[in-house]
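Here the structure comes first, spelled out in structure tokens, and everything after it is commentary.
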Amino acid sequence: MKKDFISILDISREELSNLIAHARKLKEERRMGVHTPVLAHKTLGMIFEKSSTRTRISFEAGMFELGGHALFLNPKDMQLGRGEAIRDTARVMSRFVSAIMIRANRHDEVLELAAHADIPVINGLSDREHPCQILADIMTIEEWLFRTEGVRVAWIGDGNNVCTSLILSTILTGMEVVVASPPEFAPKDDVVRDAIRMGAKVRIVNDPREAATGADVIMTDTWISMGQEEEIDRRRQIFMPYQVNAELMACAKPGAIVMHCLPAHRNWEITDDVIDSKVSAVWDQAENRLHVQKALLVRLLA
Ligand code: CP
Ligand code: NVA
């Protein structure tokens, strides 16, 4: 049966640890200039309904490095943009390519594509989750802190798609997450309730200092996700007390690291001195997208 990767919970604890171990091996091999074409003659179709730098480049470079090929597909240039059904697109693409990665406006679109495709479908970000990002984040936390079990992550800011994947990931990693958001932008109640029911370790607060106190990792994301551009002024005002700056970092545990999935609005959600500091794991976090997605592609396709 085909495997999809739509939610971070589409893999088990054991699969996660195998995936990260494989990603580490691929990272080391790449450093030594070793590339094994295990995905020769495999093709990844990448549908992007929204912009991307990291996801597009890491998947495209990753497929190339594995001996395969990736196709960038803008829905505006596809018949999808003229109203062709997702289910028909799924069926047809299944005859041409080996897997589909989709960055979609709505999570339902990803689910519909997967339901009608005969090939693996990867969620490259939806309004509900960003599981590929969280794979890279887990790999990065292990590299910097040498463990995930018991690691306390403070999520500061918007309770968005990346935050949801992070909350769900605690079921697999043994991390704990304390989310500090303005009440209006806290993670949805049903998301938190279901996550806790499945074993997630998460607490929701409003005060960023409360979340940051005793944290091993301070994590944030943009205050304005793609599609929310019209709310920019209002959001900026509401989120300003949630800025990750030196003062907030001082509340965290000594040795705490800072993470941001990027793209960042510098000096909004994170200040220059923090993102460019010695405790910033941000650039490794971005790089690890490549290694961990290569491991994922091998798992789904080889
Ligand atoms: N973090 C992330 O997914 O970045 P892009 O939007 O550039 O792909
Ligand atoms: N929350 C952001 C993540 C970007 C990678 C968004 O959805 O735009």
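Including glycine, each Cβ sits where the backbone N, Cα and C put it.
Worth saying up front: this structure is predicted, and the values here are computed from it rather than measured.
Residues or ranges marked as carbamoyl phosphate binding site in TrEMBL: S52, T53, R54, T55, Q79, R103, H130, P131, C132, Q133, C261, L262, R289. C261 (carbamoyl phosphate binding site) counts 25 other C-beta atoms within 10 Å of its own C-beta, drawing on all protein chains shown.
Sequence-distant contacts (6 or more apart, same chain, Cβ under 8 Å) of D221 (L-ornithine binding site) comprise G157, D158, N160, V162, C163, H260, C261, E269. Annotation comment: TrEMBL describes N161, D221, S225, M226 as L-ornithine binding site.
Positions annotated as domain 'Aspartate/ornithine carbamoyltransferase carbamoyl-P binding' by TrEMBL: 3-143. Mean model confidence of the domain 'Aspartate/ornithine carbamoyltransferase carbamoyl-P binding' (3-143) amounts to 98 (pLDDT, 0 to 100 scale).
According to TrEMBL, the domain 'Aspartate/ornithine carbamoyltransferase Asp/Orn-binding' annotation covers 149-299.
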Those binding-site residues among Q79, N161, D221, S225, C261, R289 lining ligand 2, judged by a Cβ under 6 Å from any of its atoms, are N161, D221, S225, C261
The correct DSSP tally for the domain 'Aspartate/ornithine carbamoyltransferase carbamoyl-P binding' (3-143) reads 75 helix, 20 strand, 46 coil
Close to ligand 1, in the sense of Cβ under 6 Å, among S52, R54, D221, S225 as binding-site residues, are S52, R54
Simplified DSSP label at R289 (carbamoyl phosphate binding site) comes out helix
Checking the binding-site residues Q79, N161, S225 for other Cβ atoms within 10 Å of each Cβ, the smallest tally belongs to Q79
DSSP, reduced to three states, assigns N161 (L-ornithine binding site) to helix
Cβ-Cβ distance under 8 Å, sequence separation of 6 or more, same chain as R54 (carbamoyl phosphate binding site); the residues meeting this, in order, are L262, A286, R289
